[in-house]
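Annotated in TrEMBL:
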- Tyr238: active site (ACT_SITE)
- His246: active site (ACT_SITE)
- Lys277: active site (ACT_SITE)
- 9-77: domain 'TSEN34 N-terminal' (DOMAIN)
- 210-284: domain 'tRNA intron endonuclease catalytic' (DOMAIN)
- 111-179: region 'Disordered' (REGION)
Amino acid sequence: MATAVERRVRISRVAGRYLVFDIDDVLYIRRHHCICAVLTGTMPQNPTQNLFLSLPVELQAEEAQLLVDTGAGYIADELTDHMSRLSTTMDECTRKAYLQHIKQQRRNAQRVFEEEKAKVQAMHQNKRKANKPSSSTPSTEPAPAAVTEEDNLLFDNPKPTLPPSTTIPKEKEFSLPGVTPTTSYPLLPISTTPPAAPASSASTDAATLSSYPLYKYLNSRGYYTTPGLRFGGDYSVYPGDPFRYHAHYLANSYRWDEEVAMLDLVTSGRLGTAVKKSFLFGAEKPGGQQSGVDGAGEVRVFCIEWAGM
């Protein structure tokens, strides 16, 4: 079996969310790190539906922190990184080229609007021609009485004639439609090589979550996890890729000294059994290290199955 190519996945932090945009990175973390993530991108042709989603994928804070801890990924703050690259690469020539690019987009939008307007006008003209009565039909309306203009001019006061205007008529102002840029890609230099990963990476807030030790424990043993909110837990745990297996466990994490109400154990156990899963819960023992599992602290887990259902 060929060895996996070592790579560092770029995790973009945008508004507190951890996103992966590269499809190769998505395949890599799924195959070699048991991380599925969740598709959050929409389809440009139908952005209001939520059945068929695409890139980027959103990682949980625990998944992002695991990639950072194992050296398989790094977190890039998109806002800080973007502004720093713009400040170091943008010059006057780039700025002028970018403005010309925006103007060209406005001209293209104006041309599209004019084409659509011409189509609508032609459609309305065809409708009016179709609804216009035929000219061969004889008119039955009485002819109006003929009134000569001379009779009116004999008794009307002549109107003063105005001198011809010498002002030049103003040309109709032509304004292009406004275009809001959706990307600043033209401002950045074109490079055929991906940016190098930084030596250090920002951390996530997963270190403060009580569920991170349990997630790391499950991942180190080859389990795949997905968000378990649909089944009332922290994680849905799969023995392999979710494309091949159903979830075997419904997992919740607790602190070591946290009191667990008996009612919670009963309800979670019955719920897990009702959806054909076992209820798994665990906690990390404070202090001490568990040998052989990436230096993680000792995690104790238990499974409950409601046998009476």
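Even glycines carry a Cβ here, placed using N, Cα and C.
When Cβ atoms from all protein chains are considered, those within 10 Å of His246 (active site) total 11, not counting its own. Secondary structure of the domain 'TSEN34 N-terminal' (9-77) per DSSP (helix as H, G, I; strand as E, B; remaining residues coil): 20 helix, 28 strand, 21 coil. Tyr238 (active site) carries a strand DSSP state (E or B).
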